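Reviewing the structure listed below.
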């Protein structure tokens with residue numbers, strides 16, 4: 001018996017070697033499939049279904065709340081004491097509080113004039129406004145350009161200061177913290193923060209500051225990001241080239257620049273339309289978006305100031321201030337134009353930071369939240385379960401593990417059953433709920449699903465790095481911004497009577513574009529799709545082949561197509 005088993009598992013000669021190896025692999029698979037693979041995959045299915053239900057109920061809950069908010073909730077101006085600040089002839093400008101504007105920058109060659117100009121154009125008494133440009137640039141030429149721009153506005157009577165540091169310790173958090181230490185800002189009561197590509201409207205402060213002046217328990221007023229209006233732009237492959245019709249390009253930021261920016265707009269619009277609105281209406285708490293917001297400086301100090309322990313210094317400060325009992329207000333109708341990453345490389349770096357940072361912060365703060373005595377039990381449940389666990393961890397992991405790993409594996413192991421409600425109905429409802437923020441892009445919904453599934457791999461990896469505090473947990477790469485470069489080139493093309501012209505965005509080397517993990521999953525899904533086409537019964541191969549194409553496109557560094 002022992003001899004027979006030995007001959008089966010290890011052939012004595014190389015005759016029929018390939019056949020024996022194939023047979024042995026098949027036999028080994030059959031031996032371990034029933035006692036090991038099937039139970040393990042069943043467990044993975046149950047865990048995935050549980051995570052799907054958690055995300056489903058979270059989305060339904062927020063959907064119900066946002067409907068109630070829109071129909072029955074009072075607007076922020078009615079929920080809080082709100083009275084516009086009026087000019088007083090006798091008191092002069094002293095009726096207006098002193099506001100600090102902070103503009104952190106790092107090698108922002110294409111956009112530095114945008115935020116500086118917008119800040120200097122704010123409708124607020126000049127003697128009650130202090131503008132601080134915090135330049136951490138490492139390029140001497142860009143530093144000089146920014147300094148000259150600040151001097152230009154200062155010569156017009158604007159109170160603007162160009163501030164630099166000896167090093168970039170703490171990155172953005174370090175720059176903001178250092179800025180608040182300066183003696184010339186000690187008399188400021190509030191601070192508005194704008195990243196270099198943000199363009200607040202002149203009435204921004206007049207609409208936001210009254211909430212802080214008339215409600216001493218409010219720490220933060222957050223505005224909504226807006227990415228521009230639709231114009232005649234033809235998105236081409238991977239944002240590598242963009243054809244711009246120069247006849248209509250005014251007022252553009254870049255939502256319509258390419259398919260990549262359209263996908264981002266869909267995701268971010270849901271965040272602002274639903275998540276921020278629900279948090280503000282129900283618990284007066286949400287994550288600070290890092291820009292386009294106004295803080296009460298006393299609340300920043302009370303919460304412990306800016307900290308650089310994670311790559312989401314904005315969320316860190318918001319959570320600590322929330323645990324101190326401070327309230328936040330989100331104003332969905334107060335909108336600030338901004339720019340979306342228009343290259344896949346820049347987008348990946350941004351998503352790594354946005355996924356890794358919250359997970360790392362959750363690891364650091366979960367026990368602090370549990371032990372907190374200043375907020376209610378239900379607010380702690382909301383912050384831990386809804387704000388952190390479901391939205392920042394589960395949402396990434398279930399998308400990747402269930403739809404890109406577990407579901408394809410069940411095709412290879414038909415003994416494992418995935419209920420139709422878990423594989424089709426629940427994700428369909430979640431997707432529909434996610435699409436409410438950007439109805440104009442409803443025709444892109446199917447591709448958005450495929451794209452989000454691909455990005456869930458990158459986000460899940462970043463989330464695990466944050467939870468485990470691995471090597472790249474504190475990696476900070478500033479998101480590249482192109483500003484109005486394309487608009488200017490389009491205008492030049494029109495001036496030269498060249499008409500609609502293909503404009504090139506700087507190219508990347510092929511090695512920079514190549515992403516082996518995405519390519520590997522593309523191959524895996526293609527194999528599962530072929531197997532399902534030949535042996536399967538659920539017709540998952542249609543989804544798998546489409547998802548394969550999307551993974552391969554991302555793997556080669558391209559994420560766009562013609563719309």
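Just so you know, glycine gets a Cβ as well, placed from its N, Cα and C.
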Given 43-69, 70-96, which one carries TrEMBL's transmembrane segment label? 43-69
Write down the single range among 480-499, 540-559 that appears in TrEMBL as transmembrane segment. 540-559
Choose the correct range: of 425-451, 452-478, which one does TrEMBL annotate as transmembrane segment? Give that range. 425-451
Segment-segment contact (the transmembrane segment (514-534); the transmembrane segment (540-559)) at 3 or more Cβ pairs under 8 Å: yes
I need to check the long-range neighbours of the transmembrane segment (43-69): which residues 6 or more away from its ends have a CB within less than 8 Å of a CB in the stretch? 273-275, 277-278, 281-282, 386, 390-391, 394-395, 397-398, 401-402, 405-406, 409-410, 416-419, 422, 426-427, 429-430, 433-434, 436
Restricting to the domain 'Glycosyltransferase 2-like' (191-423), report the mean pLDDT as a whole number. 88
